[in-house]
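For reference, the structure is listed below as structure tokens.
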Amino acid sequence: MSKAPHSSALPPTHTGNGGETHQTAGGDVPVMTTQQGVPVADDQNTLRAGATGPALMEDFHFREKIFHFDHERIPERVVHARGYGAHGYFELTDSLADVCHADIFQRVGERTPAFVRFSTVAGNKGSADTVRDVRGFAVKLYTKQGNWDIVGNNIPVFFIQDAIKFPDFVHAAKQAPDRDFPQAQTAHDNFWDFVSLSPEATHMVMWAMSDRAIPRSFRFMEGFGVHTFRLIDAQGRSTYVKFHWKPKLGLQSIVWNEALKINGADPDFHRRDLWQAITSGHYPEWELGVQLFDDAFADSFPFDILDPTKLIPEEVVPIRRVGRLVLDRMVDNFFAETEQVAFCTQNIVPGIDFTNDPLLQGRNFSYLDTQTKRLGGPNFTHIPINAPKCPFHNFQQDGHMAMHNPKGRANYEPNSWSQPAGGPRESADGYRSFPAEVSGAKQRQRSDSFADHYSQARLFWISQTPVEQTHIRDAYIFELSKVETPAIRARMVSHLRHVDEGLAKGVAHGLGLSPLPEPAKAARPVVEGLKPSPALSILRNGPDSFTGRKLGIVVTDGVDHHMLTALRDAVAAIGGTVELIAPTVGGLKDSTGNPLVAQQRINGGPSVLYDAVALLPTVEGANTLRHEATMRDFIADAYAHAKFIGHNDAAEILLAAAGLHPRMRDEGVIALEGTIDADRFVQTCGALRLWAREGRVHTI
Ligand code: HDD
């Protein structure tokens, strides 16, 4: 049994197997011991023959300590290696009892403990957070009838249709095996070679080139279960379902140039954001939405509901919101919880079932297999983060690190030792698979109903605002410009011709590719008369306030107390946060002599780390900062990234030094002449960006 450490500076304490308490060295401080419980006299010096002599083999304490250290690493996840997790709960707000008998969906108001791990896919464990990539959104729900994992992404579709292609896809996306680069990037030949040879990837690649792949933080992204699953009601009837997580704070992404710079300025940008939000009590929250439909709908829908490269527009099947997921507690220990958490798509509970989506069926093998490799054996479910919180009972035994071996004589069933009647146990509430009819010849064949690879890519495109379309086009140009093989670039453009002729031409133009490649051979023509789905746009689903966002305020010694306070109050009032950026982090005072602590020094807190910025230097401070290159970058970047910039009079010379001449001042560069302007400025920042500016600052 573990007890909380006396203080975070001390090693954890464990009561003895027999519950014995600790020896103390006086006061409350426990004596340090070996793993065997032997008190340690000196943890700083090895046992040596004489003060300057050789170290002795018999030093069991040294050997145990180093041996354990040598074994600290476990294999990182083969994909989604970099991740960050938090605890929370799911609360039911609308009973689903009408269509599902899963215990978690029965009682409105009831809370179910949850653990969520967000991740990037391609990068190694130590890679940066704001790379262009899909984000994993894996949710473990510790229900009263067992653990249910919804192992989803922030994109509702996938690159491939059949799990057998997954190793190829992942190999192509990750570093090339001969050179081991690039790290956490899709902008390389192998990735584009593979996807351009796999037309089924076209839809998801559109999403990956959109700003969905560079979220502002985990808190502002959607999650999707991707596959069609089944809900089973108390009578055993099935309803198809797709799961959605909708962020309460709305959707938000960063821009690509910002992403590149954040990776340098703060590679932990997304982790830090989640940590800061949760530890400051701003608990991130999502609503669980379900799209429910039946066989009649599935038959009439122009795409196969079992094809994971297709979505069902919300405008076609509306989302019913049935609960909320709140993350309110960081882990005590990253390794024990976030690293060791083992999500498995096959972890479902009574009332939920799979469908014949061939990607899902393959995943159901892969996750269990990978956890066994990663966590060293079949008993990874004994690790507290993976163990159910409801009672569990079975006769599985032994294996590495077995913690739950059966007590007594019976370890098989049927037996007459633990069962009065002697027969095998049965439970009316036990998991029962939906008895779907199955027929057909055994064969390796992709269903013809999976053959339309372009229509939904086009649907995605026509659902974007012009700003988002520009970002998508630019992302293709950026990525394909990093591809060294011209034929791969051309092949990719040949697919885009089915998605949108303007997009294909724009990308070809950006690559200097001429003539325009012929359209790729399409197995199916693009469906006519597609209706845009506004739900697929980020900008149409953004926030309408600065809540949950961060304002960076540049201050210098003697900063005006009233203006600073007014800004801070305005941001705090709507649940945002403020960081101060200054020439030095310490030794600052405001105009009334109050000491101030800045969170960043000017060269460590570039504007890319903030959603909006304000410049409040004193005249003297501005005179010094105008010569500071990082100050100029701060302003020039904020402007180029279409952010709102508030400034006092003294900051005029800083704006000028950054090249922001009066004719370039637009409605996003806002004078803060008095405290009265603070509220208005923060309200304006709620729009997050002045997109109209973006077109003016990019000329190629
Ligand atoms: Fe996967 C991890 C999501 C297809 C095989 N996957 C993993 C994680 C997420 C997803 C979020 C990280 C879980 C965590 O935080 O620990 N994967 C998806 C989604 C997919 C998908 C949404 C398509 C709809 N995955 C997929 C396929 C396969 C895998 C087709 C194999 C056939 N995925 C794995 C894995 C991983 C994994 C190798 C690596 C680490 C792990 O499982 O725990 O088993």
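Quick reminder: no glycine exception, Cβ is built from N, Cα and C everywhere.
What you see is a predicted model, and the numbers here were worked out from it, not measured in a lab.
Taken from TrEMBL, the feature region 'Disordered' covers 1-33, 407-432. Annotation comment: TrEMBL describes 33-421 as domain 'Catalase core'. The heme binding site feature in TrEMBL is assigned to Arg77, Arg117, Phe166, Arg363, Tyr367, Arg374. Residues or ranges marked as active site in TrEMBL: His80, Asn153.
Helix, strand and coil counts from DSSP across the region 'Disordered' (407-432) read 0 helix, 0 strand, 26 coil. Considering only the residues assigned to heme binding, Arg77, Arg117, Phe166, Arg363, Tyr367, Arg374, the longest pairwise Cα distance works out to 21 Å. Sequence-distant neighbours of His80 (active site) (same chain, 6+ apart, CB under 8 A from its CB) are Ser119, Thr120, Val121, Gly136, Ala138. Sequence-distant neighbours of Arg363 (heme binding site): residues of the same chain at least 6 apart with a C-beta under 8 Å from its C-beta are Val151, Ala163, Thr345, Gln346.
With a cut-off of 8 Å between CB atoms and residues at least 6 apart in sequence, the same chain places Val151, Ala342, Phe343, Cys344, Thr345, Gln346 near Tyr367 (heme binding site), listed in sequence order. Neighbour density for Arg77 (heme binding site): within 10 A of its CB lie 22 other CB atoms from the protein chains shown.
When the neighbouring Cβ atoms lying within 10 Å are counted for each of the recorded positions (Asn153, Phe166, Arg374), the highest count belongs to Asn153. DSSP assigns Asn153 (active site) to a strand in the three-state reduction. Between the alpha carbons (Cα) of Arg374 (heme binding site) and Asn153 (active site) lies a span of roughly 21 Å.
Counting only the Cα atoms, the space from Asn153 (active site) to Arg77 (heme binding site) is about 16 angstrom.
In three-state terms derived from DSSP, Arg374 (heme binding site) belongs to a helical segment. Arg117 (heme binding site) carries a strand DSSP state (E or B). Sequence-distant contacts of Arg117 (heme binding site), defined as residues of its own chain at least six apart whose C-beta falls under 8 angstroms from its C-beta, comprise Gly83, Tyr84, Gly85, Gly136, Ala138, Thr338, Val341, Phe343.
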